Amino acid sequence: MQLNPSEISELIKSRIQGLEASADVRNQGTVISVTDGIVRIHGLSDVMQGEMLEFPGNTFGLALNLERDSVGAVILGEYEHISEGDIVKTTGRILEVPVGPELVGRVVDALGNPIDGKGPVNAKLTDAIEKIAPGVIWRKSVSQPVQTGIKSIDAMVPIGRGQRELIIGDRQCGKTAVALDAIINQKGKDLICIYVAIGQKASSIMNVVRKLEETGAMEYTIVVAASASDSAAMQYLAPYAGCTMGEYFRDRGQDALIIYDDLTKQAWAYRQISLLLRRPPGREAYPGDVFYLHSRLLERAARVSEEYVEKFTNGEVKGKSGSLTALPVIETQAGDVTAFVPTNVISITDGQIFLETDLFNAGIRPAINAGVSVSRVGGAAQTKVVKKLSGGIRTDLAQYRELAAFAQFASDLDEATRKQLERGRRVTELLKQPQYQPLQVWELAVSLYAANNGYLDDLDVKQVLSFEKGLRESLKTSNADLIKRIEDTKDLSKDDEGALRSAIESFKKSGAY
């Protein structure tokens, strides 16, 4: 069949007129491979680092590797239905999670989707999970305390609002217990808590949530869970999602506390993603930017000035500074704190609480090693009464540890050395504390006062904790006004000190312990 040129031109003209051109300017590419949640895409020429990508079946991914002729992306969620040849579209957006007071009391995943079976989270706002930390100009120095209710921490390693304090130790030595006690102790203290569980067993996360509900702590807590059964991408993103939720409160002049339990598992997840993306491995097979992974997260915890809050809220909130306090947890292997991730996080944070398996097994719980645990900025935030009384405790313990090592070799000890050893044993006993029983400021002050002034020296070591408990009960019944004054002023005046001394002496004479 022969077509003349006029017929061809007519045919082309009719085809052009019948063409329906859609105004979809989004860039798109094709999947060339899918392995372990990592997708290689060809043809996405106009894509940003960290941009959300849309896959078939309402599935989204995150662009992480931008190479010359392909893009490496990680899938958020299930990826079994994605196959070679599928069309991928750019969205022009970066990953956001819901934020706001609607999340308080809920358990959500790394993307802010509820997983507690209590219906949808009706959050009105969303915010980007990757944000730049406030600059130096907008920050304030740490000056208000975060009371953990744990004697050894509040006395020797105090934490302030806006601080980053690392909790580090081997597995099964009480790291999560310390973090949970800190959350439980915030009841009535106007502090929103966020607990980010990374790479833990789902049953362990459930136990944490149950305990928080039993103690009434879920009323002011958000739980962000990326369990061991979730993908590496979810475990990598969970801390950033939790941090964004905490920043909502910080930027509006409120105080928040965030616990990352634990960042070792996040580093493992990031290492897995990086190796699958074929990024060059470095020390311990971690990628080169594993320091930046944690520094950009922990730098977002800060105390921000009143000017910052006023500017952020467009003048709605005035005269209020906000804070986000971070307690990252790091798990060590056989006590090795010189490994890559522990040394990185130690250098980023404002101090660390070392927990030791040997102390834990010896029955000293919380198993805090007072000698190497420090708080670089928390001293300025300590309450007056605790600051006044805690100096002696740290010295007693440090001298006791030193002398105890020598005492093993010496057979005859002089009187002063023996007294110091005896005092040290009693202080060590006094700092033991059962889980889920955080103390108020006045209770800590009374215990420290009794230890500093020698009221425990003539007791048997086994009687120390029963004496402490009995003394607290006695003060509650007969000296309620004294307790109220200490709790209100957070200080111990000369008159109150005299009243406390006589109360302790009369209780000791009664022998009711």
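Cβ atoms here come from the backbone N, Cα and C positions, even for glycine.
A quick note: this is a predicted structure, and the numbers were derived from the prediction, not measured.
If you check Swiss-Prot, you get these features:
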type	residues	note
BINDING	G169, D170, R171, Q172, C173, G174, K175, T176	ATP binding site
SITE	S373	site 'Required for activity'
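In the three-state DSSP classification, T176 (ATP binding site) falls within a helix.
Taking the Cα atom of each, R171 (ATP binding site) and S373 (site 'Required for activity') are about 18 angstrom apart. Other residues of the chain with a Cβ within 8 Å of the Cβ centroid of G169, D170, R171, Q172, C173, G174, K175, T176, the ATP site, are E331, L355, T357, F360, A367.
Around Q172 (ATP binding site), taking its Cβ as the centre, 11 other Cβ atoms fall within 10 Å, counting all chains. Ranked by how many other Cβ atoms sit within 10 Å of their Cβ, the binding-site residues G169, G174 place G174 at the bottom. Cα spacing between S373 (site 'Required for activity') and C173 (ATP binding site): 15 Å, rounded to the nearest whole number. Long-range Cβ neighbours of D170 (ATP binding site) (same chain, at least 6 residues apart, Cβ-Cβ under 8 Å): E331, T332, Q333, A334, G335, L355, E356, T357. For the binding-site residues shown (R171, K175), fewest C-beta neighbours within 10 angstroms: R171. The binding-site residues examined here are C173, T176; by Cβ neighbour count within 10 Å, the least packed of them is T176. Around the Cβ of S373 (site 'Required for activity'), a 10 Å sphere holds 21 further Cβ atoms from the protein chains shown. In the three-state DSSP classification, G169 (ATP binding site) falls within a strand.
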